[in-house]
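Sending over a structure as C-alpha cells; questions will come in a sec.
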Amino acid sequence: MAQTVQNVTLSLTLPITCHICLGKVRQPVICINNHVFCSICIDLWLKNNSQCPACRVPITPENPCKEIIGGTSESEPMLSHTVRKHLRKTRLELLHKEYEDEIDCLQKEVEELKSKNLSLESQIKTILDPLTLVQGNQNEDKHLVTDNPSKINPETVAEWKKKLRTANEIYEKVKDDVDKLKEANKKLKLENGGLVRENLRLKAEVDNRSPQKFGRFAVAALQSKVEQYERETSRLKKALERSDKYIEELESQVAQLKNSSEEKEAMNSICQTALPADGKGSKGSEEDVASKNQGDSARKQPSSSTSSSSHLAKPSSSRLCDTSSARQESTSKAELNCSKNKDLYQEQVEVMLDVTDTSMDTYLEREWGNKPSDCVPYKDEELYDLPAPCTPLSLSCLQLSTPENRESPVVQAGGSKKHSNHLRKLVFDDFCDSSNVSNKDSSEDDISRSENEKKSECFSSPKTAFWDCCSTSYAQNLDFESSEGNTIANSVGEISSKLSEKSGSCVSKRLNSIRSFEMNRTRTSSEASMDAAYLDKISELDSMMSESDNSKSPCNNGFKSLDLDGLSKSSQGSEFLEEPDKLEEKTELNLSKGSLTNDQLENGSEWKPTSFFLLSPSDQEMNEDFSLHSSSCPVTNEIKPPSCLFQTEFSQGILLSSSHRLFEDQRFGSSLFKMSSEMHSLHNHLQSPWSTSFVPEKRNKNVNQSTKRKIQSSLSNASPSKATKS
C-alpha cells in the first residue's frame with residue numbers, strides 16, 4: 001500500500017509531456033535531475049548523444065536513466081487474465097480478513113457495554129427504590145431463616161422492624177419535602193417568567209420612548225450651578241480667611257498699643273515719685289509729662305502702624321513678660337501718690353484712646369492702600385456678583401464687605417461682565433433683571449457713548465424712515481452681534497427712560513408685578529425647559545387656529561401689491577417725521593391707554609410681546625415700513641388676553657425671523673439679535689411690562705392686510721417643533 005501511494009504521488013509530481021517528442025509520456029524514464037522522457041525517445045537520443053537533452057548531464061552506464069514502475073496505467077494491460085484473477089482473489093481475501101477482525105472486536109465491545117448497562121440499571125433501581133433493597137434483604141433473610149431457623153433471635157427481628165419503621169418515616173418526610181420543593185420551584189419559575197416579561201416590556205417602552213428634549217440642557221444647567229456654588233463657597237472661604245488675618249492684625253496692634261500705654265504709664269509713675277513734694281511744681285510737671293506723652297504717642301503711632309508686620313513676628317510671651325513687669329513697677333511705685341494720680345490717669349487714658357483711633361485709621365489706610373497686588377488676583381474670581389438666573393435670592397444677595405471688596409467700579413464691572421458672559425452660554429434659562437447682567441456693558445457704554453450720540457443724531461434726522469420701537473426692561477439681557485446692536489440698545493434705553501418719566505403710576509405698578517414675579521422665580525432649569533416645551537406646543541396650536549381663521553377671512557384675496565403698500569407707508573413715515581410734536585402727544589395717549597389696562601394685567605393676563613425693529617439709517621431704499629400693531633384696530637392700542645396671541649398680532653419670534661430675512665436680502669449686515677426658539681418661548685412667557693409703541697392715527701386696510709399676510713408667511717418659524725417637522 002505504501003509503495004502504491006509513493007508511486008501515485010511521484011506520478012502526480014512528474015510532468016506529463018516528454019522533453020523530446022513533446023507528447024504524453026509513455027513508459028516514463030527520468031535522468032539524475034528528474035527530467036522525464038519516453039523510453040523510446042531517450043533510446044533514440046542516446047544513440048547519437050550521451051547527454052540529457054534538458055540539462056546536458058552525461059548519461060553513462062554508471063549513471064543511467066531510471067524507469068518508473070507504475071507511473072501510468074499503460075502497464076496494466078501487460079498483465080494476463082489469470083494474473084488479474086489471482087490479484088483480485090488475494091485482495092478479496094485480505095478485505096474479508098480485515099472485516100472479520102473488525103466484527104469480532106465490535107461484538108466484544110457490545111457484550112461489555114451490555115454488562116455495564118445492566119449494572120447501571122440495577123444501581124439506579126436501588127437508588128430510586130430503597131424498598132426493593134429492603135425486600136431483597138428480607139428475602140435473603142428469609143432464605144437464611146429457612147436455612148437456619150435456630151440462628152435468628154426475635155430481638156434482632158424487633159430491632160430491624162424498628163429500623164424499618166424509622167426508615168419509612170424518614171422516607172415519607174423526605175418525599176413530602178421534595179413535593180413542597182417542587183411546588184415552590186414551579187411558583188418561582190412562574191414568577192421569574194412574569195418578571196422577565198415585565199422587564200422586556202419596560203425595555204421596549206424605553207426603546208420606543210422618544211429621547212428627552214431638554215435633558216442635555218438640564219444637565220448643563222445643573223453643572224453650571226454646581227460650578228457657580230463651588231466658586232461662591234471658595235470666594236466666601238477666602239473672604240473669611242482674609243477677615244481672620246485682618247482680625248489677627250488688629251488684635252496684635254491693640255496688644256502693642258496696650259503695651260506701649262502701660263510702659264508710658266509706668267514711666268509717668270516713676271517720674272511722679274521722683275518729683276519733689278511741692279503741689280504746684282508737681283502739677284506743672286504732670287502737665288508737661290502729659291503733653292510730652294501726647295506728643296510721643298502721636299509720633300510713635302504712625303511708626304507702629306507702618307511696622308505692624310514686624311510687631312506681628314514677635315512672640316506673645318515676650319509681650320506678656322513686658323506687660324507684667326511694667327505692671328509690677330507701676331503698682332509698686334504708684335501706691336504713694338494714688339489719690340493724686342487718678343485725674344492724671346483719666347486724662348492720659350483719654351489722650352491714648354484718641355491717639356489709638358487715629359493710628360488705627362492711618363494703619364487701615366496704609367495697610368489696605370499698600371495691597372493693590374493682593375486685590376488683583378481676586379478680581380476674576382471673587383469680586384463679581386454671583387446671582388444666577390435660577391439661584392435663590394437668599395444666596396444671590398450674600399456678599400462680604402471686606403476692605404478688598406471695596407474696589408473701583410471699573411473692576412467690579414469687569415468681573416461682572418466676565419461672569420455674565422459665562423452664564424449666558426445657556427440659552428434656555430429665564431431672563432433676569434439682576435444687577436450683574438444690567439451692569440454688564442457699563443464700560444462698553446462709557447467707551448462708545450460718542451458713537452451713540454452720533455447715531456442718535458442720524459436716527460433723528462428727517463431723512464430716515466419712521467421707527468417703531470418699544471422700550472423693554474430686558475433690552476440689556478439680549479446678545480447683539482456687533483457694536484451697532486449695543487448702541488441701538490442704548491438709544492432704546494434712553495427713549496424708555498423718557499417714557500418712564502411720563503408714565504409714573506403705570507411703571508410703578510408694572511415694576512411691582514415684575515418684582516413679585518422675580519421673587520417667586522426659584523424654579524429649577526428642568527422645570528423651565530418643560531415649560532418651554534409646553535409653550536412650543538401651545539404656539540403650534542395657536543398658529544394652526546390662526547391659519548384656519550385667516551384662510552376663512554376675505555382679507556386673503558387682496559395681498560398682491562406690496563410695493564403700493566410700501567409707498568403709502570413711506571409717505572406716512574415722512575409725515576410722522578415732519579410732526580415730532582404729534583408723536584409725543586401720541587406716545588402720551590398710548591401711555592395713558594396702557595395704564596388703563598393695568599387692571600386687566602393684575603387680574604391674571606400675561607404681558608403681550610411687542611418687539612421693536614432697529615434699522616440702520618440707510619433704510620431709505622426699503623419700500624416697506626416695519627410698524628407693529630398691538631391690535632387690528634389702527635387707532636386703539638389695547639393689550640389682549642393670551643388667546644389672541646397669534647391671530648391679530650405679531651409675536652416676537654415671527655417679527656424677528658421675518659425682519660432678519662429681509663435684512664439679509666438688503667445686505668444691511670446683522671443688526672438684529674439672534675435668538676433660539678427656546679428663548680423666544682421663554683421670552684413670550686416672561687413678557688415685558690414696558691410695552692409701548694408708536695401707532696399712527698391714520699392706517700389703511702392694506703396695512704392690516706399686510707400684517708396678516710406676514711403672520712401667515714412667518715408662522716412656520718414661530719415654534720421650533722414646526723421647524724423641525726418641515
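The first residue you see is number 1, and the count goes up from there.
Cβ coordinates are placed from backbone N, Cα and C, and glycine is handled just like the others.
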For the coiled coil entry in Swiss-Prot, name the matching range from 87-129, 345-387, 517-559.
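Based on what Swiss-Prot states, coiled coil spans 87-129.
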If I go by Swiss-Prot, the feature region 'Disordered' sits on one of 407-446, 687-726. Which?
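In Swiss-Prot, the region 'Disordered' feature sits at 687-726.
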Average the per-residue pLDDT over the zinc finger (18-56) and send me the rounded value.
89
